[in-house]
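Student: Here it is: the structure, laid out below.
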C-alpha cells in the first residue's frame, strides 16, 4: 500500500472514531434536553426541533473540533485468501440465522422462543463467532471491518425477540410504550415520574422528528444501540491498549445478553453504562483521546434514564476524577458502597412504600451467588448451562487473571506499556456494586413488590457488576491468546472454547423451558389482544375493573392507554403487580375464584362490574375455570378457549 493510501486510511480511521463520539454525544443531548423540556414545560414538536438543532450543532462540533489523536492500530495490509474465506463463512452463518428468524412469527402464548425455533440454530452463529475469533487473533492489528462484523453478530443475537415477537416481548415495554404515546399526544403525563424520561425523550424525538411509529422505535431501540454503542466503545477501549491481539473483543459476548433483548429504561441504562466503562479505558491509561466531559455526559444521561444504573455510573466517573487522591478515593468507595440502599430507603420513606430493614434476620437464601453444575447426562446442555448459570463466576475468574496481568505489566520498567494500575478502578467499582447487592439482598425487604419480584432490584446490581468486570476479562483473554500464540493447537482450542461459551450465551439470552430451567412467563398473544377488546366492548360505558395477568393487562394499557383510574390511584387493570388489584387477581387465580374476593376488589375501586380473566396456560386453569363458572354471573371465551373471561355484577 502506498504511503499516501496509508495516510488516507489512518485519517479515515480517526474520522470514524470522531463520528462515533459525535453520535454518542447526540444520543446523550437528545435524552438530557428532552428530559429538561418534559420537566419544565410540555413536549412539543417545536421543542424537539430546537433540541435537534442544538444536538446537530453540538455533534458537528465534536466531529470537527475534537483534536486529532493517533487512531487505534488497524491493519492496512491486504487480507489473505484464508481471511476472505473466514469472512465468507461468517456471512453465510449470519445469513443462515436470519433466513430462519425472519420466517418466524410468534402470535400465540409460549414460554420460550425455543419452542418454535430449533435451538440447533445457535450453532450457525456459533460458527460465525469461531471464524471471527480466528480473524481477530490472526494478526496484531485487525481491520475496521472486523468491528462491523462483530456488531452485526451482536445485533443478530439480541434482535431475535424484536423480530419473532411482532406483538411485543415482555411486559414492561408495553407500559413504557403507553406512557410515551400519552406524552406524544398530550405533551406530558401526571404525576411526572422522576426517572425513565431519558428513554422517553429519545423515542419521542424519533417519533416527532423522523415520523417513526412509537412501537417500532421502542422495540428496536436497545437492540440497535447495544450493537452499535457496546461494540464501538469496546473496540476503541481495547484498541487503546495497543495489545497484540483483538481477541479480547469477544468478551462483550460474555455480557448478560438477556439485558439487551428488549427496550426498557433499565436495559438502555445498561447499554450506556457499558459504553461508559469501555470509553473510560483511555482515560485510565492517560490517553486523552476521550474527553472527560463525554464521560460526565454519559453518566448524566444514564441517571435520567434509570438511577439504578445511573448512580453507579456517576460514582464511577467520580472515582476516575479522584483516582490520584488516595483518601478521596477511599471516601468515594465507602459512600458508593452504601449509596443504593440509602437511596431506596429515602425513596420509600418519601413515597409511603414499605421497605423492612433488619440486621438480625439476614436473607441468606435470597443470594444469587451460588456455583451451579447440572449433570443431566446431556453433554451439550450440561456444558451450556455451566456457562449460563455461572457467568458471574467465569467473569470473576477472568477478571482476576486480568488483574494479575495489570499488576505484572505495571511492575515493568518499560515506558512503552499501555497498561496502568488505574485500570483496577473497574474492579474497585465491581466490589462496590457487590457490597450494595449484599446489603440490598440481605438486609432490605421490598414489601411493596410481590414476593417473586422482591430481589429484582438487587439482582440488577449483579448485571452492573458483570459490566464492570468485562474490561479485565478482555485483558485476560488477550493475554492468554498471546501466551499460547506459538501453539496452533492450543490457540485453536482456546478459540473453540470461547466460541462455545458465546454459543451458550445465545441460548441463555432468552427464556428457557427444559430439564435445566423452567420459564414461568408467557408472551403476549393475539388472544390477549382480542380479549382486551372484548372486555372493553362488554364493559361499554360502565365503570369496571379487570383481574387479569400481566400479559392481558399490558395489552390493555398499550391499546387503551391510561383510560380509567378509581379513587385517584387505582388503575382498572392490575398494574403495577405490587398493587392491591394484582393481589386480588392472585387470590382468584391461585387460591379460589370466589365471588366474595371479586366483590372486595370492586369495593376497593368503588365499581359495580368486574371481569376475571383466566388464560389456559395458568396453573390448574381447568379447575379455576370450573369453579369460577359457579360463582360468576356470566362468562365467555376467545381463541377457542385460550382465554376465558368471567363477569361479576354487584
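Just so you know, glycine gets a Cβ as well, placed from its N, Cα and C.
In TrEMBL, annotation is done automatically, which means it is predicted and not curated.
So TrEMBL has the following annotated:
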type	residues	note
TRANSMEM	20-40	transmembrane segment
TRANSMEM	46-66	transmembrane segment
TRANSMEM	82-104	transmembrane segment
TRANSMEM	116-136	transmembrane segment
TRANSMEM	219-238	transmembrane segment
TRANSMEM	245-262	transmembrane segment
TRANSMEM	293-321	transmembrane segment
TRANSMEM	327-346	transmembrane segment
TRANSMEM	385-406	transmembrane segment
TRANSMEM	418-440	transmembrane segment
TRANSMEM	460-477	transmembrane segment
TRANSMEM	489-510	transmembrane segment
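So that I understand the layout, could you describe where these features sit and how close they are to other parts?
Tutor: Counting same-chain residues at least six beyond the ends of the transmembrane segment (20-40), those with a Cβ under 8 angstroms from any Cβ of the stretch are 47-48, 51-52, 54-56, 58-60, 62-63, 66, 183, 188, 192, 197-202, 204-205, 225, 228-229, 232-233, 236, 275, 279, 290, 294, 297-298, 300-301, 304-305.
Listed as Cβ neighbours of the transmembrane segment (46-66) (distance under 8 Å, sequence separation of 6 or more from its ends, same chain) are residues 15, 18-19, 21-23, 25-26, 29-30, 33-34, 37, 204-205, 208-209, 291.
Only residues 6 or more beyond the boundaries of the transmembrane segment (82-104), in the same chain, are considered here, and those with a CB under 8 A from a CB of the stretch are 113, 116-117, 121, 124-125, 127-128, 131-132, 134-135, 138, 145, 149, 152-153, 156, 160, 163-164.
Residues of the same chain lying 6 or more positions beyond the ends of the transmembrane segment (293-321) and with a Cβ under 8 Å from any Cβ of it are 21, 24-25, 27-29, 31-32, 35, 195-199, 265-266, 268-270, 272-273, 275-277, 279-280, 283-284, 329, 332-333, 335-336, 339-340, 343, 425, 428-429, 432-433, 457, 460-461, 464, 468.
Sequence-remote contacts of a segment are chain residues at least 6 beyond its ends whose Cβ falls under 8 Å from one of its Cβ atoms, and for the transmembrane segment (385-406) they are 251, 254, 256, 369, 371-374, 419-421, 423-424, 427, 430, 462, 465-466, 469-477, 479-480, 500-501, 504-505, 507-508, 516-517.
Sequence-distant contacts of the transmembrane segment (418-440), counting only residues of its own chain at least 6 positions beyond either end whose CB sits under 8 Å from a CB of the stretch, comprise 240-243, 277, 280-281, 284-287, 312, 315-316, 319-320, 323, 329, 333, 336-341, 344, 367, 399, 403, 405-407, 409-410, 457-459, 461-462, 464-465, 468-469, 471-472, 475.
Here the transmembrane segment (460-477) has long-range neighbours at 234, 237-238, 241, 243, 247-252, 254-256, 259, 266, 270, 273-274, 277-278, 281, 308-309, 312, 316, 340, 368, 391-392, 395-396, 398-403, 405-406, 419, 423, 426-427, 429-430, 433-434, 436-437, 440, 498, meaning same-chain residues at least 6 beyond its ends whose C-beta is under 8 angstroms from one of its own.
Sequence-distant neighbours of the transmembrane segment (489-510) (same chain, 6+ residues past either end, Cβ-Cβ under 8 Å): 112-114, 119, 122-123, 125-127, 129-130, 133-134, 137, 157-158, 160-161, 247, 250, 253-254, 257-258, 261, 383-388, 391, 394, 477, 480-481.
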Student: Which residues of the chain, 6 or more past the ends of the transmembrane segment (219-238), have a CB below 8 A from one of its CBs?
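Tutor: Those are 17, 20, 23-24, 27, 72, 147, 150-152, 154-155, 158-159, 161-162, 168-169, 173, 199, 202-203, 246, 248-249, 251-252, 255, 260-264, 267-268, 271-272, 274-275, 277-282, 290, 470-471, 474, 478, in sequence order.
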